[in-house]
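So the structure is just underneath, and the comments pick up after that.
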Amino acid sequence: MAKDEAKGLLKSEELYKYILETSVYPREPEVLRELRNITHNHPQAGMATAPDAGQLMGMLLNLVNARKTIEVGVFTGYSLLLTALTLPEDGKVIAIDMNRDSYEIGLPVIKKAGVEHKIDFKESEALPALDELLNNKVNEGGFDFAFVDADKLNYWNYHERLIRLIKVGGIIVYDNTLWGGSVAEPDSSTPEWRIEVKKATLELNKKLSADQRVQISQAALGDGITICRRLY
């Protein structure tokens, strides 16, 4: 089974494969397919955004008519490329990641797609980069969409900053909010290396559910995504 197929939370691998082959892959742009295949050979390929989750992201970007977006956590750039392809010609995505080396893997495909000019890559930890954006009052409520796939222990810290950067009616999407399904398992069934992030994810999910500033929807796509729409 392909690595991206392994990201699904559905109990039936055949059903997930059916979804990918019937509804996702036929609509996937060739440059995204190329980057997905390149990433497949990376030792940490499981970090990449699942293509079915990416497909939903593309629809959300279109629904909010996104022009200015933020991406926290880039890896090789599958979701970043998807965003850049979806944005209008004068759109802009601020992409934040500590590891430029992984971004460089996908950069040739991004250039080939002709969308590099839409990307402002910041090699930085996310919190100081977000704080820097907030230092400019013009940025408050100035973004349409954000996607977060980074340090899970800091998701809530990211949320408190992004809620100020995203406009009312804008969207924030968090990846990995079901953490391999472990959020519904007893700790005794969870591998030790998953425990710390599992606890942080459980706390995040509880806080997002209680956050009246956003409308939320949690979906079992990829490794679980939570969609937040800012209400005020």
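Even glycines carry a Cβ here, placed using N, Cα and C.
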Open item on the list: Just to be sure I read the record right: E71, G73, V74, S79, D97, A126, D151 are listed as binding S-adenosyl-L-methionine in Swiss-Prot. Which of T49, T177 is listed for the same site?
Closed with: T49
- [ ] Have a look through D149, D187 and flag the one Swiss-Prot assigns to the divalent metal cation site that D175, N176 belong to.
- [x] D149
Task: Distance from D175 (divalent metal cation binding site) back to S79 (S-adenosyl-L-methionine binding site), taken between C-alpha atoms, in Å - done: 11
Task: Neighbourhood of A126 (S-adenosyl-L-methionine binding site) by C-beta distance under 8 A, where only residues 6 or more apart in the same chain count - done: V72, G73, I96, A150, D151, N154, Y158
Open item on the list: Check the DSSP secondary structure of D175 (divalent metal cation binding site), expressed as helix, strand or coil.
Closed with: strand
Task: Distance from V74 (S-adenosyl-L-methionine binding site) back to D149 (substrate binding site), taken between C-alpha atoms, in Å - done: 7
TODO: Could you state the whole-number distance in Å separating the C-alpha atoms of D175 (divalent metal cation binding site) and D97 (S-adenosyl-L-methionine binding site)?
DONE: 15
